[in-house]
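Noted in TrEMBL for the protein shown:
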type	residues	note
DOMAIN	70-260	domain 'ABC transmembrane type-1'
TRANSMEM	9-28	transmembrane segment
TRANSMEM	74-97	transmembrane segment
TRANSMEM	109-129	transmembrane segment
TRANSMEM	176-202	transmembrane segment
TRANSMEM	239-260	transmembrane segment
Amino acid sequence: MKINKKRSVLWHFLLIVVILIEVWPLLFMVSTSFKTMDQIFTATLNPFPAPFVLDNYLHVLETLPLLNYISNTFIIASVITLAKICTSLLAAFAFVYYDFRHKEKIFNALLFTFFIPITVVIMPNYLLIAKLGLLNNPLGVILPQLMDGMGIFLMRQTMRGIPKPLIEAAKLENASAWLILHRIMLPLIKPAIFAMGIIFFIDSWNQYFWPLLILNDKASYTLPIALQMFISAEGGSEWGIAMTLATLTSLPPLFLYLLFQRFIMNSFIQSGVKG
């Protein structure tokens, strides 16, 4: 009993240490955004500056087109998310519902794309976008990201968990494929769709390198690009303002995840379907 108690205490201690390691950079970023330059250098590791100041946030709002950056990022992330959800659903439904030649080979080829580094496809995608005349256009960022292999895989696995008698009964009633997808499958996999959408949105919101290649005009910058450009322009000296931009960039996806985390977990637990 004592050994188990000691082991439990040790594991809890290690868990607390890991949590602190993960949370500290975020806490440091947020606290620095409320510090003056003097506080940043004299109380660097103090996560609770006294007093809290809003000068950095006021400076960002007054000097940078912040709302424009937020709008650009939100539009691009939303369109990519919706496109990936739609293509993942339709492709997964085709793999589950239809029997066609070489279906398994095509699906295995899709799985193979997981192992292709993104750096390998950046140059072909860039040349394609340039040929289409979509450089410095949000469509140039969106177009190569209309589908997601992992999304198709996850949706296929989720749909395969739906009881087959439901599908067979619908077929006996001469229900169309669209009706089966819309009336039977979608209500049962809504939690998975919602969770996948959150992941897609956060990933798209945080993208930096690909939008940087496509978007050259400052008016079309996303938040991650604006953050890096500001740090480069200031030579890394305005840490308070840089941390303010980093905070404003990080908070929306973090808030979105924290807001819906319990809903997502409860939805999977309560409405999980067994095959």
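Even glycines carry a Cβ here, placed using N, Cα and C.
Note on the transmembrane segment (74-97): residues 103, 107, 138, 141-142, 145-148, 151-156, 158-160, 167, 177, 180-181, 185-186, 193, 196-197, 200-201, 204-205, 211, 222 of its chain, located 6 or more positions outside it, place their CB under 8 angstroms from a CB of the stretch.
Sequence-distant contacts of the transmembrane segment (176-202) (same chain, six or more residues past either end, CB-CB distance under 8 Å): 77-78, 80-81, 84-85, 88-89, 93, 97-98, 148, 151, 154-155, 158-159, 162, 166-167, 170, 253, 256-257, 260, 263-264, 267-268, 271, 273.
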